[in-house]
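Below: one structure, written as structure tokens.
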Number of protein chains: 2
Amino acid sequence: MKIIKITDQVSIKRSIEAGTAQQTATVKTIISDVRQRGDGAIREYTEKLDHVQLDSFSITKKEIEEAYNQVDSQFVSIVKEAAENIRSFHEKQLRPSWMTTEENGTILGQKITALDSVGVYVPGGTAAYPSSVLMNVIPAKVAGVKRIVMVSPPDGKGNLPATVLVAAMEAGVKEIYKVGGAQAIAALAYGTESIAPVDKITGPGNIYVALAKREVYGDVAIDMIAGPSEIAILADETARADEIAADLLSQAEHDTRACSVLVTTSMKLAEAVAQEVEKQLTVLPRKEIASQSIADYGAIYVAESTDEAVETINQLAPEHLEIMTENAMELLGKIRHAGAIFIGRYSSEPVGDYFAGPNHVLPTNGTARFSSPLNVDDFQKKSSVIIYSKKALEDHGKKIAEFARNEGLEAHARAVEIRLRGSN
Amino acid sequence: MKIIKITDQVSIKRSIEAGTAQQTATVKTIISDVRQRGDGAIREYTEKLDHVQLDSFSITKKEIEEAYNQVDSQFVSIVKEAAENIRSFHEKQLRPSWMTTEENGTILGQKITALDSVGVYVPGGTAAYPSSVLMNVIPAKVAGVKRIVMVSPPDGKGNLPATVLVAAMEAGVKEIYKVGGAQAIAALAYGTESIAPVDKITGPGNIYVALAKREVYGDVAIDMIAGPSEIAILADETARADEIAADLLSQAEHDTRACSVLVTTSMKLAEAVAQEVEKQLTVLPRKEIASQSIADYGAIYVAESTDEAVETINQLAPEHLEIMTENAMELLGKIRHAGAIFIGRYSSEPVGDYFAGPNHVLPTNGTARFSSPLNVDDFQKKSSVIIYSKKALEDHGKKIAEFARNEGLEAHARAVEIRLRGSN
């Protein structure tokens, strides 16, 4: 793993898939096809891309029962406990509607309302990620969304992974379709005969899913366009090299394009971590992916001071940040940009991936500068409430009319003045 | 104004400018040009599109002084009072960071941090909208954003409107550039020699500005792609036709593509409002714009029951909603989708445009289904905080490792287990 002394500005190399013109064109074709021909188009694309013929896309009660039979009961109970932790954390994000009252009769407020419907995309392919189902569905459920739809591409036999179905049930999903890719995003955005449209689409996916989400953005809301996973670890000489190495590798094993970075004030630690990474890599099942990722996107930055190290973290704005320093809590206030912050030796990043409760859907690619972990606010919206009394309008109406006239909007001024005249 | 009896699903005709392929290509060229050549490109586009040669884009202290000299002092004091109301409302949206503690030592939390920097676009052209400056800047300021940049296209003499500059000062902007169009959005997103980049761009603009915001979305955050202004009024026979007509026209005068709709249970009111609209139109300065807008996008829907009327409102998800019915407060809980809700006879919509305090930047085009008025949350982001103790990891580590292995991520499991082994 390369060790780099921080000189000035640090930028980590990140891999963003923008999609080729060909891929974008393909996605546009699929979306317009699904808009025009609905279920028929879905069926064709599923046959062509997922290599399976489906009459109905709906998951049946029987398929759910079979899923519970297939999954180890101990795993089900871990999923239940994780779901409960996630629910409990996200419930604390709930906010009440509020209002203020004034003596002249004015009432102003903010009304919070859940979205009517949300679609959650769950990627298919080689691995099954029940944790992703929990993390996307539970905040929507806690927010009060009445209709939560899950879509995921079927395997060659027309099935979804049992653990994914179990997680969906435990999270409270009641509507599941075996549809994937850009065609699933199009169905969620615009609806088909068998799939009613939703107001927002969340969840990760491959480049076609990402491009399709970008395409429908505006007609429906989307969560984000996620990039490869990232971790930055801020550590000093009090941290253990073997634990840091293990955490770096836990990101690296996700994807050859994942990004794992250590920022430290200790050259001794830097060297020890570099050695440990090599050592642990040799015995890792996914060592090919992880070693490619470490070679291409891994780095150890050595800073001259803690302040410089913290500033480097803020420049990186990492998805995951671990702080393993003597005075970790003191640094928390200085961290401006990070999706999730794990503090101390025992807060290894996988704790947050599965179990602790905070969301694992986090802003990647430096977007922690302006984005948040997926949370309850993402599934609610606000409406302003304005109640002016006769007295309030008498007090302020002339000023409002003058402001309107200054902007050249006479009808605005008159709408106020007609009340002032007519109010007796 | 056409009167339509509600039969089944109601959809209002809305005008969305998607931009032509030509416009999209132009915007892409401008953005890539600004990224490559910085200030030089800005200078060229300003000369070409705004017809003025500028050496420096910065607004000077002297220009600010001149603006205050030009603007009527009574108007300045109205701007100050409006700014204070807006500030006061948005301060109530502020939320604290929070944490939870458990007996086993676990601490979970959510840390709220302001964005570092925000760019506010203020459109140029024939009219000056100081209210738009207040509504975009003040929430950012309240959120704690340190650097707020305003950009706006200069007129043919290289100036910005005096009222816009005064509003910017009263809102607390310290950095203003005379740059407009797609070139301004590119400068804000990627930076030039004289304009440092920002993390988020807000504010309305023409189709080129909208396309440019869509183009840079992801690299920076944006507020929304706003469509033409809309009002829906829900009224019964207790409401006054002249006041309703005045409010409909206050939307209609904005833009020929603005949308003004009345939904009522009273055919008598429907007819009276249609007549009043015609009458008031004849004496309106912007009657050409307003009558075109009413003809193309105006409608009066007559519902059979209050419930049907409310459901129609929810289907429309209007930007502005006025409720003028006998039992208006009772209906508030049934309204699921609306940007801002004005209740009662004296809450004419312009009250909210300028003065009351809630934001006038609101979701248009039905996006109130999933979007909110511009608010303090838009200028802050959250970071999750996870602190696991030794005890917490001992309690839950095995379950976390099992979840990771179930998803095929061995390095995740090992990152947890290395602590369990090494924790003595």
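Including glycine, each Cβ sits where the backbone N, Cα and C put it.
Those TrEMBL annotations? Automatic predictions, nothing curated.
Model, not experiment: these values are computed from the prediction.
The annotation in TrEMBL ties A:Ser229, A:Gln251, A:His254, A:Asp353, A:Glu407, A:His412 to substrate, and of the candidates under consideration, A:His320, A:His337, A:His396, the one tied to the same site is A:His320. In sequence order, the recorded positions from A:Ser229, A:His320, A:Asp353, A:Glu407, A:His412 that place a Cβ under 8 angstroms from a chain B Cβ are A:Asp353, A:Glu407, A:His412. Rounded to the nearest whole angstrom, the C-alpha distance between A:Gln251 (substrate binding site) and A:His320 (active site, proton acceptor) is 9. Cβ environment of A:Tyr121 (NAD(+) binding site): A:Val151, A:Ser152, A:Gly180, A:Ala184, A:Ile185, A:Leu188, A:Ile201, A:Thr202, A:Gly203, A:Pro204, A:Gly205, A:Val209 lie under 8 Å away, each six or more residues apart in the same chain. Every protein chain shown contributes to the tally, and the Cβ of A:Ser229 (substrate binding site) ends up with 24 other Cβ atoms within 10 Å. The recorded positions examined here are A:His254, A:His320, A:His412; by Cβ neighbour count within 10 Å, the least packed of them is A:His254. The least crowded of the binding-site residues A:Gln183, A:Asn206, A:Gln251, judged by other CB atoms within 10 A of its own CB, is A:Asn206. For the recorded positions given as A:Glu319, A:Glu407, the lowest number of other CB atoms within 10 Å of the residue's CB is seen at A:Glu407. Taking only the Cα positions, the spacing between A:Asp353 (substrate binding site) and A:Glu319 (active site, proton acceptor) is 12 angstrom.
Straight-line distance linking the Cα atoms of A:Glu319 (active site, proton acceptor) and A:Ser229 (substrate binding site), rounded to a whole number, equals 7 Å.
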